[in-house]
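As given in TrEMBL:
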- M44, A192: substrate binding site (BINDING)
- R119, T165: ATP binding site (BINDING)
Amino acid sequence: MTETPGTLLAALRAEPPLVQCITNYVAMNIAANVLLAAGASPAMVADAEESGEFARIAGALTVNIGTLSPPFVDGARAAIAGAEAAGRPWVLDPVACQATAYRRRVSAELAALRPTIIRGNASEILSLAGEASRGQGVDGRDPVAMAEDGARRLARKYASVVVVTGAVDFVTDGVRAARVEGGSPFMPMNTAMGCSLTCLCGAYAAVAGDPFDAAIGALAHFAVAGSHAHEGAAGPGSFAPRFLDALHAVTPERLDAEASIQSVEEVSE
Ligand SMILES: Nc1ncnc2c1ncn2[C@@H]1O[C@H](COP(=O)(O)OP(=O)(O)O)[C@@H](O)[C@H]1O
Ligand SMILES: Cc1ncsc1CCOP(=O)(O)O
Ligand SMILES: [Mg+2]
């Protein structure tokens, strides 16, 4: 792996990428702070009046359907067209896509536009892959292992890198696969943690040559920072500021030294 998480983090900090985040009302502030702490430059630019134009100047685009509405979806469509025209990577977060017909329809439409990376919890990836999901609203309720085959199918169908998050994260491009360990059980007790990770996947994709490496880099950065923040945290409340500090404090060298990444042998079909 030439593009290790540490190499990508060094590149990101040397030239902070502009990341256009079309995300939900809950995540906007949290995700912007996560990107700034990590070393990237966030901009929450969502309306169709300008989102396509902005996507052409951003290093990457992220689209999250957490608090979707028809104008929001129009903004996402325009931004995706702009990113595609400019050859920029874009990331889809299909928040709670199992929950309603509207979310199933919009997430399927956006996935069919072939995102560079799709990132969701196991329940969301299961649903996007057409399988039964036990997700409750935005919260994942399925084990990551259950969603791995669905992730592989999605990756092959849309030529995307697919990331399934949970206690141990899984990433696949349909040919290669890996698992990333670390983090903290306080992470799913903090809202918008997954949404923020999706935005960080955009930041890493902006500086990486290979979106599979980018996804692993963002996952490793979250996992290492989450483990550091867990030390001394009394609960989800004190975890949150420690996590921002840890995202900022981790150096490229420590990221490569501490990241726990296992390649998964893939069976060719
Ligand atoms: N039980 C856990 N232990 C450690 N890290 C976790 C755990 N659950 C989730 N995470 C981490 O929290 C982040 C958000 O993942 P997740 O909670 O699955 O997303 P979402 O917020 O979209 O449901 C990821 O970095 C993931 O690795
Ligand atoms: C609570 C909530 N409601 C709609 S979007 C959202 C945030 C979800 O954040 P995450 O998927 O990162 O847990
Ligand atoms: Mg989520």
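From the backbone N, Cα and C atoms, a Cβ is placed for every residue, glycine too.
Considering other CB atoms within 10 Å as the measure, the emptiest surroundings among the binding-site residues M44, R119, A192 are those of M44. Under 6 Å, Cβ to nearest atom of ligand 1: this is the test, and of the binding-site residues M44, R119, A192 it is passed by none. Within 10 Å of the C-beta of T165 (ATP binding site) we count 28 further C-beta atoms, all protein chains included.
With a cut-off of 6 Å between Cβ and the nearest atom of ligand 2, the binding-site residues M44, R119, T165 reduce to an empty set. Classification of T165 (ATP binding site) by DSSP places it within a strand. Cα of M44 (substrate binding site) to Cα of R119 (ATP binding site): a distance of 18 Å.
Here the Cα atom of R119 (ATP binding site) is found 13 Å from that of A192 (substrate binding site).
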